[in-house]
Amino acid sequence: MAAGDLRLDKTSATSYRLTIHKLQPVDQGLLYCQAAEWIQDTDESWFAMTRKQSDKTQLRIQPTDRDFSIQVSTERRSFTAGEPLELRCTIEAQNVPERFFSVSWVFSSSPVAVVGPSAVPVLGPDYVDREAAGHMTVRKESANVHLLKLQHLHPEDAGKYICRVTEREKTPTGDFIDRSKRSRNVQITVQPLKSNITVLLFSNSSEVLEGNVIQLICSIHSTTGPLSVVWQWTDKQVTGPALEVASIDRDGTVWHSPSYRERSSYGEIRVEKVRADTFSLSVYNALPGDEGQYRCTATEWLQTGTEPEVNWEKIGEKSTSKTVTVKTVESSFMVSASSRTPSVTFGDSFDLLCLVKPRHNPRVPTSVTWRFMPAGPEAGDEDQGEFKDLVTFTREGTLQWGEQLLGLGTRTTVDRSHSNTNFRLSVTRAGRREAGKYQCTAILWRRNYDNSWSRVANRTSNLLGISVLQPESKLRVQKANQSQVYLEDSRVRINCSISSQTSQDSQHAVLWYVRRATGSEADELLLRIERSGAFEYGAYADEERLRRRVQAERLSPRLYVLTLNRAENSDSGTYYCLVEEWLSDPDGAWYRLSRETSGFTQVLVRQPEIRLQVEELESNVTVEESASIRLGCSIPSQSSRDSRFSVSWYVDRSEDESDEPGEEERECVFSIGHDAVFGNGNCSPKEEPGPNSRLQFERMTSDQYSLTIQEARPTDAGRYYCHVEEWLLNPRNVWYRLATNNSGFTIVNVMQQVSTLQSVVCSNESLFYFVFFYPFPIFGILLIAVLLVRYKSRNNSKSQEGKNGAPLLWIKEPHLSYSPTCLDPPALSLHPGS
């Protein structure tokens, strides 16, 4: 073209002429003209509307013998991106198969490939990866035709392509020479694709109920390269950038954005390529936060470059959006509770109804819980504590009992309607535990993408107060008042009679109280009998030491008896019983229904009547000095057969016999206590008992006592009487003095007598021993001496008698006589037990 060998001239408006000078072998081939009609778009870009070709003319060039020519042919030189390009390099020569040619393809001065005589291609560095990806082909089709084919043309593939042929020839000298020729430049143009993509977006509904599925379909119409789709979401209430949900690339790979990646991993966000031109976005278990504007953006791509540096060119992009509203169920969610029997009696039944609106949604399940707060321990008290769960209908439809079980779960039943709008709680045989406040709570649940559950809404119903009343008591206790008088150490019996009771199954606890006779205002607990029969003593029993003496009996289910053994004076008081009626509620727990007191029993425990009498007969007694004085004390009457006596003898030596002797005028002679111990009476005698005492005491019977004064002296004269104290043993084993009495006076006179030798000797101890004791050893010694003398004299007489024949003379021992009266020592015979 530059040398002027090739010319293209326009001869008219529709006629063109091609002129080739200096034909070369490369000019050989098919010649034709191609006409294209172009139009300018609104964006001032041009694109070919139509193309047409003329008939082809075969041009053959006859080369010389060793010469060769090259010709590069292609169907057309103008392409659109993405189309394939085929270039053929034809070698025109004689005997081509017998000659050695190597062909090189060059694009814009860059080597593309070299094919040697062995037909093995050697690729340029920029085309190795492209050929490996199958986007490029270099081969030898025949001995004189070589092919270069590029798949998926890129805009950067536009340019000049040259085929260079080199022939290696051996000279006669054995050297090799190379002859090379190159073809003419083949100018290839690649027009970028013009996109005509259209996008339509459809949804299953513009308003979706919470928990349902949001379904979006993006339909794309395109005639060119692969597509990619991006799904975006925008909050319609908040102005801000769109948030990407997911995308599908050109290869159909789905990518989720970080904001939705976790949720999509659980299957709640699904993006699919339904067909080549249809894409879908599904949002399962729709949340209120999913409400907004959804946008589908489709992009049309064209691959440019070669492997590994493959580039994709975006040739067109369009988007469309759709607004979706998510209707929440919380706004219409309501719960109410009702009951027809707000007040029942123990053992009755009642029903509670919980109404939940709207109807159950399977995608947003509802759990309903009956809650309960027990009433106070006493009627009229404010409710205590907190609400606790009774039973729950779970979102899965199962039944779960709570920590507060009514009737231990045996008398409580629950059910629900088929539509899951009515939930009923029924209680049979209601007891105290069922009294209180009830309420119904309902929770809407949503299953999260990670299979966890979250609350959508929570509603609590109105309170229902249920009163469980005790039955009316019919307990009646005998209230007749009575008085009882007892002697100490006797048995006291007090009855407590129940005339009527509320139920045959009633059990009773009986408490015995006493009000002391000392005027104490407080009633003190003596004994408690539990309904089980167990005993519990009160503080009064411990204080008065009654544990060993008190006895409680249940003679029949309605008759109780309190017995006090060995009653004593301190037991006097007012006794009554307090009866508690107990019934078993439906839970098996016993409760006290009522209490009622009996009539009062006035108990008087007195000491025995004093009947002590001592013989009051007065007498005069006159005795000689050294004689015995016998004083008697007779008790003809006593208060009790168990009485014991303390006896004392007094003497009054005053000359006035008309008045009673005073304490300072009388003298205690002898005393013995009720415990039979001498000197343990109410006085202490001056003369202590012992072997030298002149007093001799005797108790002939339990009511006969005597006192003997031996060796009366003139000083013993006076008015004698005995003082008797009557003692009894109380129930505490303590002796107490019941009564005292004195006998009549016994006036004792002692006559003095003249002294005799016998009385003088006996009254003097030294003289007594000198007269009656000392002579005996002296006489004994003298007797022994006389006997010894006689014995010796007899021996001498025998010897003389033998000589002379005359008998010896005997000496007669004189006879001694003495009165044993003075030898008897004074003796005191005391017999405390006789």
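From the backbone N, Cα and C atoms, a Cβ is placed for every residue, glycine too.
In TrEMBL, annotation is done automatically, which means it is predicted and not curated.
Residue counts for the domain 'Ig-like' (63-173) under DSSP (helix as H, G, I; strand as E, B; rest coil) come to 11 helix, 57 strand, 43 coil. The domain 'Ig-like' annotation in TrEMBL covers 63-173 (among others).
Annotation source TrEMBL lists domain 'Ig-like' at 192-325 (among others).
For 331-442 (among others), the entry in TrEMBL reads domain 'Ig-like'.
Look at TrEMBL and you will find 471-598 (among others) tagged as domain 'Ig-like'.
Residues belonging to the domain 'Ig-like' (608-725) score a mean pLDDT of 83 in the model. According to TrEMBL, the feature domain 'Ig-like' maps to 608-725 (among others).
The annotation transmembrane segment is assigned in TrEMBL to 767-789.
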Using DSSP, what's the helix, strand and coil tally for the domain 'Ig-like' (192-325)?
11 helix, 75 strand, 48 coil
Using DSSP, tally how many residues of the domain 'Ig-like' (471-598) sit in helix, strand and coil.
8 helix, 69 strand, 51 coil
